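Trainee: Heads up, here are the entries from TrEMBL:
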BINDING   H149, A150, I151, Q155, N156, D157, R158, T192, D455, P456, I457, R458  FAD binding site
DOMAIN    5-273  domain 'HpaB/PvcC/4-BUDH N-terminal'
DOMAIN    280-480  domain 'HpaB/PvcC/4-BUDH C-terminal'
Amino acid sequence: MGIRTGDQYIEALKSRKPEVWLNGKLVESIFDEPYFQQPILEIARLYDMQHDPAYQEDLTVICEETGERMAASFLPPRSYEDIMKRSKAFEVVARQTYGLMGRTPDFLNTVVTSLAQNSWFLSKYNKDWAANIESYYRHLRDNDLFLTHAIVNPQNDRSKTSHEQSDKFTHLGAVEERPEGLVVRGAKMLATLAALTDEVIIYSFPGFAPGDERYALAFAIPIDTKGLKIICREPVQDGTRSTFDHPLASRYEEMDALLIFEDVVVPWDKVFLYNNVEAANLLYPMTGIAEQPAHQSSVRGYIKLAFAVEVACKVADSIGVDQYLNVQRDLGELVQSVEVIRALLRTAEREYTMTERGEARLNPDALETIRGMMPEMYPRAVEVMQTIGAGGLLMMPTEADFLNPELRPSIDRHYGGREGVDAELRMKIFKLAWDLCGEAFGMRALQYERYYTGDPIRKRAIFYNKFKKQHNFDLVNSILAKENCLKEPQTN
Ligand SMILES: Cc1cc2nc3c(=O)[nH]c(=O)nc-3n(C[C@H](O)[C@H](O)[C@H](O)COP(=O)(O)OP(=O)(O)OC[C@H]3O[C@@H](n4cnc5c(N)ncnc54)[C@H](O)[C@@H]3O)c2cc1C
Ligand SMILES: Nc1c(O)cccc1C(=O)O
C-alpha cells in the first residue's frame, strides 16, 4: 500500500473496536468519541500531508525494496544524507503540532526501523526473533500503520523487581507457551495515544534482574487484540472546549493509558524477544533504539521549546513589559536555551558515526545531553511564561464573553495590551500561554518533557558514570604530571 491518507487511517480506526475505557465507560466508537475527535483529525492530517505536493518530498522517500513511497521515518539511516532527510521529516511533522504531540507515527516508526536494522543483535539469541522483527518492520512500513508502545512497568513497588512484586502478574509477564502463541498477563505503562493507534509494541528499558525471565519480553499485537484493556487517564479536554479559549488543549490532547493484558495470546511470529534477561537488558544499548527515536524526540523537543519561547516573548511584548531589564534577561535566557538545543541537535547529526553494520548513528552524547537539558529548559520556559504573564493570565474572559455584544465594548476597552495590541489579540496570546503554563494540558506537556525518556535523575547519573569510565582526563593528568617544585621550607 505504501503511504496512507488520512481517510485510510480513519477507516482503519472505524473498522476496529479495541477495549478502551474512558471516564468509567467502555468507548463504543473511537472515531465518534468527542474526546478523541480532534486528535484523530490532527493525526489524519499528518497522513494526508504525505500526499500533499507541498510536503511529500520532505515527508516521504521511495522504498528501495518495494519501489513505493514510504514515510521517511522508515528510512534506515546509512549516511549523513539519510540522517538529514529524516531530520527534515521529523521537523515538518513537529511544526504541524508545535511539538506538542510527542508520539506522532514517526516516533515508533524509528523504534521499529532501528530494531529491524539491528536484527543481527536478536539473531545472536534466536534467528526467529530477528526474522520476526524484520517482517514486522515491513508490515508496519508497507501498511503505514500507527503504533503505540508501553515499555515501563507500572509504579507498584519500585523498591522491588518484577518477580518480587506481591502478585506475579502485576507487571506484564509470560504465562504459558501454546502452539498458537505466547500467553501474556499483567500491566505496562504509559501508552500514549493508544486508543487512536493500529497496533502496540511492547519491550522494556533495561533493568531486569535474574528471576525476571518471564518479564523479559518484546512483541507487537493489533490494538484490538482480545484481552487487551486500555484504561485512559482523565482527559484534559472534552472535545467541546472552544478553540478560542483553549487553542492547544482543544487540538493536541495526547491521551495516555495503562495497558492491561488479560491472558492475551501473542502469535509466535510477533514475538521479538522472550525469556532472556541478558537480551532484554542489552536491547536498548545495542540496537540503536536509544538513538533513532531520540533523533525524532530531539527535533520535536526543539520545536516545542522554540514555540513556548515565542509564546513567552509575545506575552511580554503584548503588555509592554519586555522593556524591563529583568524580563529581557529571562527571555534572553530562554532564547539561548533554544539555541543550545539547536546546536546540540546539529552536533548530534554532524558527528554521526558508522556502525560496523552500516548504520549511521547520531552522536549519543549530544543526544543524551538534549535529553538531560530539556527536563530543565522546558519547565523553565513555562515558569518564565507564568511570571511574565502573572495575574493577567488569570483574568481572561471566555469566547462567550467576547462574543456577547453587551460586554464587547468593555472587553475592547479593558483587555487590550500595549499600543497596537487590541483586546482580541491580547486574549489570544494570553490564552495560548495559559494552555501551556496553567492548564492541565500544559502540565501534561511539561511532565512529558521531564519523563518521556525515563527518569532524568538516573539518566544523568548514568551519563556521568559513562563519562568517568570512558574519559581519560588528559587535561588534568597533564598538569598533575608536571614536575612541581615544592618550595623549600624557609629557615631563619
Ligand atoms: C506524559 C508522558 C507520556 C509518556 N508516554 C509514554 C509512552 O508512550 N510509552 C511508554 O512506554 N512510556 C511513556 N512514558 C513513561 C515514561 O517512560 C516513564 O514515565 C519514565 O520512564 C519514568 O518512569 P516512571 O514514571 O515510572 O517514574 P519512576 O521510575 O517510578 O520514578 C519516580 C521517582 O522515583 C525515583 N526513583 C524511582 N526508582 C528509583 C531508583 N531505582 N533509584 C533512584 N530513584 C528512583 C525517580 O527519580 C523519580 O523521582 C510517558 C511518561 C509521561 C510523563
Ligand atoms: N523514551 C523512549 C521511548 O519511549 C522509546 C524509545 C526510546 C526512548 C528514549 O528516549 O530513548
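Glycine is no exception: its Cβ is also placed from the backbone N, Cα and C atoms.
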Trainee: Once the chains shown are all counted, how many other Cβ atoms turn up within 10 Å of the Cβ of H149 (FAD binding site)?
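Mentor: Its Cβ has 25 other Cβ atoms within 10 Å.
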Trainee: At a 10 A cut-off on CB-CB distances, which of the binding-site residues I151, N156, R158, D455, I457 has the highest count?
Mentor: I151
Trainee: Report the largest Cα to Cα distance, in Å and rounded to a whole number, among the residues H149, A150, I151, Q155, N156, D157, R158, T192, D455, P456, I457, R458 that the record lists as binding FAD.
Mentor: 23
Trainee: Suppose you look only at the domain 'HpaB/PvcC/4-BUDH C-terminal' (280-480); what would the mean pLDDT be?
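Mentor: The predicted confidence over the domain 'HpaB/PvcC/4-BUDH C-terminal' (280-480), as a mean pLDDT, is 97.
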Trainee: Hey, does DSSP put I457 (FAD binding site) in a helix, a strand, or just coil?
Mentor: helix
